[in-house]
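K.L.:
Next up is a structure, given as structure tokens.
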Amino acid sequence: MNPETGQTVAADQAVGMPQLDFSTFPNQIFWLVVALVAIWLILTRVALPRIGAVLAERRGAITNDIARAEALKLQAEEAGAAYDKALADARAKAQRIIEKTKAEMQEQLDIALQKADAEIAAKTAESERRLAAIRDSASAAVEEVARETARDVLAAFGAKADATTVDAAVASRIKEGAA
Amino acid sequence: MADGSGFNIKPMDQFLVKPLFGGDAVHWYTPTNVTLWMGLAVVAVSLLLVYTTRGRAIIPNRGQSVAELTYGFIYKMVEDVAGRDAVRFFPYIMTLFLFIMFANVLGLIPFAFTPTAHFAVTGVMALAVFISVTALGLILHGTAFLRLFWIDAAPLALRPVLAIIELISYFMRPVSHSIRLAGAMMAGHAVAKVFAGFAGALGVGAVVPIVAMTALYGLELLVALIQAYVFTVLTCVYLKDALHPHH
Amino acid sequence: MEGDLALLGKYIGVGLTTIGMGGAAIGVGNIAGNYLSGALRNPSAAAGQTAFLFIGIAFAEALGIFSFLVALLLMFAV
């Protein structure tokens with residue numbers, strides 16, 4: 001360290017802290033006030049209103065967007081409801097058509113069934129009638145055979161019997177047998 | 001030191017107020033390095049808040065986002081700390097915050113001058129806050145403002161003692177308010193200067209103080225921002241006392 | 001030689017004064033640590049209390065800065 005710098009160190013130390021050099025205070029205070037007033041003017045005249053306006057505008061835009069999104073959502077919900085309604089209508093219509101077709105088919109089926117039933121009944125009646133005729137003729141033949149057989153048996157035994165008595169007896173026996 | 005032993009470190013030289021255009025006399029109107037760095041702070045404020053927002057975009061770009069974040073940060077702080085009705089003082093608090101922040105941060109540039117490391121500067125700001133807040137409290141609440149010092153929650157016998165303590169602490173406010181900022185700034189810059197002096201004297205070993213300086217600069221940046229924040233928060237706290245002295 | 005003795009006393013005084021900053025360091029660490037433990041217990045309430053954290057730190061720190069200031073005054077102004 002050369003003596004010269006040593007000298008300046010001593011000189012500076014004589015000054016001490018520059019913060020306590022009161023001769024510079026008016027200068028600092030004056031320029032501080034100037035700087036603060038300048039910043040205050042910049043802020044209140046330009047910066048703060050501008051930023052505040054931008055922020056308010058953004059808030060407004062966001063609120064608008066949210067409202068619009070709300071409206072769109074409502075519209076979408078309405079469209080969804082309409083779609084659901086159309087779907088339900090179509091379904092109901094289809095149901096009706098199905099029911100109608102079913103009913104028609106049932107009707108036709110019923111008619112066909114009735115026809116078939118009638119035919120079957122007619123055929124059954126016919127068969128029964130024929131069967132009855134056959135049975136009647138058969139039973140008449142049986143009676144006849146019985147009567148004759150009875151007469152022949154009586155004749156063979158030599159017993160005398162008039163025809164009406166034999167007929168009545170045979171008829172009663174046949175009736176008993178039938179019962 | 002006077003006999004030439006030890007390091008040739010003059011940590012306080014960076015705080016010297018010097019005329020910009022030569023000469024020795026510092027009159028109140030002389031443009032000095034104080035003028036230069038305060039002017040740069042004003043320029044930085046207009047760059048941050050005016051130049052970046054010139055687009056007034058709904059969807060902000062990077063610069064505008066920073067400006068809006070700063071605005072929102074201080075606005076919310078005033079609202080939260082000082083109350084809803086303190087918002088009308090928002091421009092003043094914003095002015096203080098921006099000036100202190102930029103003076104602090106610009107002062108970190110090597111060979112820069114830090115106006116906020118001077119008691120003259122911080123003292124004027126702290127006194128301005130103190131006087132205006134006290135006047136505001138007296139105008140708004142009259143003598144009821146003095147109930148700030150009369151603590152109803154305390155036992156009656158203790159109240160006069162507490163009132164004296166409260167009064168003293170109230171008048172200590174501007175002192176601590178200004179010395180905190182100036183002291184923190186001065187301390188950081190002086191320590192940085194001392195480390196830098198080590199680096200100059202150690203030759204190859206200068207790596208160690210240079211690494212330390214790098215870490216210190218990170219810390220100093222943090223301190224510069226926090227001190228600006230603290231100054232404004234305390235301003236808001238004092239403002240709240242003036243607006244609502246009954247807590 | 002007498003001047004050197006005065007200088008010695010001055011430097012010892014400055015060194016002693018800086019001890020005061022240790023107290024501020026303890027205070028600041030206390031505040032930050034308690035804030036952190038509180039914030040970990042109830043993280044949802046932490047964000048609203050950062051302003052009070054910084055106010056507390058500022059008050060504790062101010063006293064350390066006072067002692068630093070006294071050291072500077074002794075060193076450079078006395």
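Backbone N, Cα and C atoms are what each Cβ position is placed from, and that goes for glycine too.
Predicted, not measured: the structure shown is a model, and the values here were computed from it.
Annotation comment: TrEMBL describes C:12-74 as domain 'V-ATPase proteolipid subunit C-like'. Per TrEMBL, transmembrane segment is recorded for C:12-32, C:52-77. Under the heading site 'Reversibly protonated during proton transport', TrEMBL lists C:E61.
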K.L.:
Going by DSSP, is C:E61 (site 'Reversibly protonated during proton transport') part of a helix, a strand, or coil?
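P.N.:
Going by the DSSP assignment, C:E61 (site 'Reversibly protonated during proton transport') falls within a helical segment, counted as helix.
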K.L.:
Could you please provide the mean pLDDT value for the domain 'V-ATPase proteolipid subunit C-like' (C:12-74)?
P.N.:
89
K.L.:
With every protein chain in view, what's the tally of Cβ atoms within 10 Å of the Cβ of C:E61 (site 'Reversibly protonated during proton transport'), excluding that atom itself?
P.N.:
24
